[in-house]
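Annotation comment: TrEMBL describes 38-159, 181-390 as domain '7TM-DISM receptor extracellular'. Residues or ranges marked as signal peptide by TrEMBL: 1-25. Under the heading transmembrane segment, TrEMBL lists 181-202, 209-236, 248-266, 278-299, 311-331, 343-363, 369-389.
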């Protein structure tokens, strides 16, 4: 128990040291200076001229529309109250939409059109940013209307967080996010390398399962729903098809590995066999749904969007009870005094809360707070690493205890054998003495008779 509380204190210290670096990632951008109006295009066939002609049909609304297969035109009125022309970076706050078209007035009475989306290579983006960002210039003391056409042809809905940034502010925020993500990758790489070497040396399967669990979580954080970080830009910038598949493909291993890792250390098969069977059925069903979504996403057909979004909703409901069930078993076993269960209760509580929050945000059509997943994941990995350290320490103590017990048993056996040998020697000496005396008496009696 002393080692357990020592580990917890160490964990809290490490987490507090890491929080300043992660806090930048969860900082919100400055308030936007835009007014928003919406126009739905169910068939997705309207052009800019059609949208301008339908100006009276635009209505106020939220840019977070959730699951929908319609195209949407958004008209933003941007005002520049400064005494000089301003160039902003118009940030959509989205990195998953397949169709994103931005229109702003040029200096010749026409419109400048910038087109991008997740179906294009990264280099085709107007600016080299993780989200879809467009440069926007407004004259001093003027206001201008800009149009944004968005459409989702995948399983993720239309979720935007439109903001105006100065170039310097955006780059600073992006750099802080990149630093937090790379720090996370560095910490997890160090943990993974350490436990991989332990597995190679000790051949203890739990260490390999932990490394695979860690890899699945890192991949999920970096890719799920567009991910947190710059995986697309750094690793496969010319493969937009794989990028869209990775959003869901990365969810398959992370659905299994953390649960399997927890099940092994807590012996879920013996302690909760019924819940284990339910979990396996749920995870198999979710995996089938995700595999279908990956295959449909690889096809990249706009008409498959309703099917994709329906499967996504079904998979979400199947996945929803998985971690609460795991949490119930862990809580019960922790209450009964199981050491590993206590670690997992500490480790998974933030992740369960954040995962449920992010999933609910996605269903409500709001941008997921991916930065929160980053620190929750870092917390989880640190705790599970300490759990393995405690497991190794406990295993080492048990081994020493077993060796000591074996040594004591051997020593006792030797002492018992020595005692028996001594006793037998004394018995043999006594028997020899009696035999000698009897022989002496016998010989003495024969002499007298003669």
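Note that Cβ sites are derived from N, Cα and C of the backbone, with glycine treated the same way.
Cβ atoms under 8 Å from those of the transmembrane segment (209-236) belong to residues 25, 94-96, 118, 122, 128, 130, 156, 177-178, 181-182, 184-185, 188, 191-192, 195-196, 199, 242-243, 246-251, 253-254, 256-258, 260-261, 264, 362, 368, 370-371, 373-374, 377, 380-381, 384-385, 388 of the same chain, restricted to positions at least 6 beyond its ends. Of the Cβ pairs linking the transmembrane segment (248-266) with the transmembrane segment (181-202) and spaced 6 or more residues apart, fewer than 3 are under 8 Å, so the two regions do not touch.
Mapped onto DSSP helix, strand and coil, the domain '7TM-DISM receptor extracellular' (38-159) counts 12 helix, 50 strand, 60 coil.
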